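Quick look at what TrEMBL annotates:
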{"type": "BINDING", "residues": "2", "note": "Ni(2+) binding site"}
{"type": "BINDING", "residues": "73, 76, 89, 92", "note": "Zn(2+) binding site"}
Ligand SMILES: [Zn+2]
């Protein structure tokens with residue numbers, strides 16, 4: 001389960017922000033997860049609680065925003081939304097797609113005290 005390691009990374013980011021901005025408590029961590037990132041939101045919520053214990057993010061709520069997968073279709077010469085990698089273009093049905101977004105996971109926002 002790589003979500004545990006990912007959560008440790010998130011807590012690391014939050015703790016660094018806490019040092020820089022000087023807050024002592026985080027209420028909400030808003031996380032963006034791309035549809036193509038292979039990260040399971042439910043597993044993230046589960047791991048986050050465990051990893052956040054005894055850190056500045058203890059008791060914080062993890063809010064997850066799922067962002068769509070985006071690919072560039074060479075045949076259509078435009079960006080299209082895809083739900084999975086290796087999926088055909090929704091406009092033309094072709095497979096000449098280059099993934100350009102939706103693979104990443106990042107902390108979008110922190111609500112702090
Ligand atoms: Zn297309």
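Placement of Cβ uses the backbone N, Cα and C atoms for every residue, glycine included.
Any TrEMBL annotation is an automated prediction that lacks curation.
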Exercise for the section: Based on Cβ atoms within 10 Å, give me the single least packed residue among the binding-site residues 76, 89. Expected result: 76
Completion exercise
Whole-Å Cα distance, residue 73 (Zn(2+) binding site) to the residue listed as 'Ni(2+) binding site', is 31
Fill in the blank from the handout: Within the same chain, the residues at least 6 apart in sequence whose Cβ is under 8 angstroms from that of residue 92 (Zn(2+) binding site) are 73, 75, 76
Exercise for the section: Would you identify the secondary structure of residue 89 (Zn(2+) binding site) according to DSSP, in three states? Expected result: coil
Problem - Those binding-site residues listed as 2, 73, and which of them has the most Cβ atoms within 10 Å of its own Cβ - result: 73
Handout entry: CB-centroid shell, 8 A cutoff, Zn(2+) site 73, 76, 89, 92, site residues removed
Key = 74, 75, 78, 80, 90, 91, 93, 94, 96, 97
Completion exercise
DSSP, reduced to three states, assigns residue 73 (Zn(2+) binding site) to strand
